[in-house]
Amino acid sequence: MSPVLTTPKPLRCETNCTFQAAYIESANLKKFPKNCTTVCADPLSIQHETDLTEKQLTNAFKNMKHLIGSLLVTRSKFSSGKFLANLESVDCDNIGQFKWSLNENLTEIGLTSLKSVSCQVEITSNPELAKLNLPNMMPTPSQTADHLRTGVEINGNSPELCITEQEMSNFLSNENNDIGTMPQFYCSALNTNDTIKSCVFENSTLATLETGCVKLKGNVLISENDEEHTYKLESVKDILGSLTIDGTNLTDIDFLDSLENVVALKGGKKNLEENEQLKITENQSAILIQYNPNLANVTFPNLKRAIAKSDQVIIFQNNSQELLMNPSVCWNIRNVLNTSNAGIPTIDGQDCGEY
């Protein structure tokens with residue numbers, strides 16, 4: 001993402017709650033509005049020239065709950081962002097940046113109070129960043145913005161970086177939020193903060209799955225003799241893993257009408273048992289539908305995102321001839337995902353433009 005700085009709109013902050021400096025440092029620390037709960041900055045930048053201690057920054061920011069403008073933490077010396085512990089929202093009018101980049105010592109961001117971010121989120125090139133610790137952060141459309149879409153890009157950090165189920169669910173919560181590159185792994189710890197029913201798909205079988213699951217963690221496999229159990233997936237909105245339908249007698253997949261997101265990342269790297277649960281490779285698609293000779297009707301009416309490390313995100317192969325010869329299947333999936341990627345989906349090696 002290229003840097004985009006926004007000028008805060010007038011009247012959103014009191015005059016004495018505005019901070020105007022290229023970056024915060026000891027020379028301008030006294031000018032920072034320490035007593036304001038809402039601060040306008042253009043942007044609030046913490047960088048290698050910020051010659052302040054974590055304690056000094058914590059004291060300066062202790063009353064700030066809402067930031068109007070971009071937040072840029074780049075090339076800094078800090079190991080976390082806990083000096084912003086009380087920050088609850090950042091509003092960049094959707095086009096400014098919430099950026100953490102090139103911080104050599106950063107091991108976590110650690111903004112546990114942060115709930116709302118109306119920005120382009122960029123967390124990149126932090127070589128020691130092993131966890132986000134952003135349990136409540138959600139991309140939220142700005143009430144004053146003309147541009148509706150936000151985005152999240154998390155790339156080039158420590159190879160150990162993982163993302164929790166809750167963090168991923170929060171990123172997926174806004175359909176106007178574009179999901180770019182994500183960490184390779186889900187964190188090992190199971191999420192305990194969900195108010196919706198979350199289930200683990202065990203032993204690659206539908207037979208033992210509970211009913212009423214809204215979120216599924218694991219690689220969901222629907223295979224021969226699973227047809228009678230597919231009703232259990234009618235409530236599922238999110239699959240944190242992959243979806244495979246292989247060798248069934250299904251004629252349609254209406255039981256997946258509620259499905260909104262399939263995000264195929266690897267399992268927790270530090271938990272071998274759980275990593276076995278999510279055996280996802282670099283080449284694995286998010287959705288694979290193959291060897292279903294009677295499958296003629298395929299739609300995903302509510303699918304918003306399908307994310308995988310593979311370039312081939314959704315694959316159909318060796319299903320019915322009727323499915324292969326029906327171009328509307330391909331185009332309907334392209335349209336519901338609102339994607340310009342010509343390779344989503346592929347049907348027996350063909351993309352939509354080849355019909």
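Here the Cβ of each residue, glycine as well, is placed from N, Cα and C on the backbone.
According to TrEMBL, the protein has these features:
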type   : residues : note
DOMAIN : 35-130   : domain 'Receptor L-domain'
DOMAIN : 212-332  : domain 'Receptor L-domain'
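The residues of the domain 'Receptor L-domain' (35-130), classed with DSSP into helix (H, G, I), strand (E, B) and coil, number 11 helix, 31 strand, 54 coil. Within the domain 'Receptor L-domain' (212-332), the DSSP-based counts of helix, strand and coil residues read 26 helix, 32 strand, 63 coil.
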